[in-house]
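K.L.:
Positions annotated as ATP binding site by TrEMBL: G17, P18, A19, A20, S21, G22, K23, G24, T25. The feature domain 'Cytidylate kinase' is assigned by TrEMBL to 13-212.
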Amino acid sequence: MSKDLSDNRPIVIAVDGPAASGKGTIARALAAHFGLPHMDTGLLYRAVALNLWRWGGDPSSEFEALRACSAVGVDPDDPELRSEAVSKYASAISAYPSVRAALLERQQEFAGQPKGAVLDGRDIGTVIAPDAPVKLFVTASAEVRAQRRVRELLARGMPAHLEDVLLDIHARDDRDSSRKTAPLRQADGALLLDTTDLDVDQSIAKAINLAEEQLARAE
Ligand SMILES: Nc1ncnc2c1ncn2[C@@H]1O[C@H](COP(=O)(O)OP(=O)(O)O)[C@@H](O)[C@H]1O
Ligand SMILES: Nc1ccn([C@@H]2O[C@H](COP(=O)(O)OP(=O)(O)O)[C@@H](O)[C@H]2O)c(=O)n1
């Protein structure tokens, strides 16, 4: 049974996890279930990365990466946002504290909407919305995640090779988890959802159950 929203308390849902774990799919489904707005925060980092890439900027320069943050717009339908090159750039520039700081307010404002919101990313439960009543950490084996990402890229008409995508996923997992600022980790109070052996419908059903459980406990 879905949560009665009539008490007007905001419902903030933080969904974090590594690349292609299914966190975006789950976050969108939770947003639809609870009637909340959704933000894919990875797209912000990808938009900065795409800006930098198009200018011929250097991802190893924090200064240039920060410049790419100014007035960054996100066109979620731009296929280049999901290219492998942009994924690599996004992972590199997201390690810079100044880049993360530049994108912080936009995310916290979104999370602070009166009815609440669902956000997915790497640091939602740890940094952006640490007091969120619902926190999920979505994961799956690297091999399964790579297969999903390959299928997704091919379906979008983009080239993809399993070995390259798997290498990229390992490299991004390592970089995202080992950086000093806002590393990828399961937040305090977050429930683990391993989707390795679950299909999309099963993952969504489990996520809704876990969210309802956390909301009931928060009452
Ligand atoms: N449980 C699942 N089983 C199979 N495929 C999935 C599952 N969850 C997501 N996918 C597919 O895998 C791809 C990556 O999912 P997505 O939700 O975008 O992951 P993330 O946001 O973690 O990168 C998408 O094509 C999505 O449809
Ligand atoms: N909240 C977030 C979201 C993304 N990111 C970074 O942005 C990159 C792209 O994020 P994404 O969520 O679009 O990537 P996928 O998980 O969909 O592959 C990640 O590899 C992270 O390095 C981050 O640091 N913090």
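Note: Cβ is positioned from N, Cα and C throughout, glycine not excepted.
In TrEMBL, annotation is done automatically, which means it is predicted and not curated.
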K.L.:
For the recorded ATP site formed by G17, P18, A19, A20, S21, G22, K23, G24, T25, which further same-chain residues have Cβ atoms within 8 Å of the site's Cβ center?
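P.N.:
Neighbours found: I26, D120, V138, T139, A140, R145, T195.
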K.L.:
Can you tell me whether DSSP puts A19 (ATP binding site) in helix, strand or coil?
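P.N.:
Where A19 (ATP binding site) sits, the three-state DSSP reduction gives coil.
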K.L.:
Out of the binding-site residues I have (A19, S21, T25), which ones have their Cβ sitting under 6 Å from ligand 2?
P.N.:
A19
K.L.:
Excluding near sequence neighbours, so keeping only residues 6 or more apart in the same chain, what lies with its CB under 8 A of S21 (ATP binding site)?
P.N.:
V138, T139, A140, R145, T195
K.L.:
According to DSSP, collapsed to three classes, what secondary structure does T25 (ATP binding site) have?
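P.N.:
It is helical.
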K.L.:
What is the Cβ neighbour count of G17 (ATP binding site) at a 10 Å cut-off, with all protein chains included?
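P.N.:
G17 (ATP binding site): 28 neighbouring Cβ atoms within 10 Å.
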K.L.:
Pop the mean pLDDT for the domain 'Cytidylate kinase' (13-212) in here, whole number is fine.
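P.N.:
That region's mean pLDDT is 95.
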K.L.:
With an 8 Å cut-off on Cβ-Cβ distance and a minimum sequence separation of at least 6, pull the same-chain contacts of K23 (ATP binding site), or say none.
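P.N.:
Listed in sequence order, they are V15, D16, G17, D120, G121, L136, V138.
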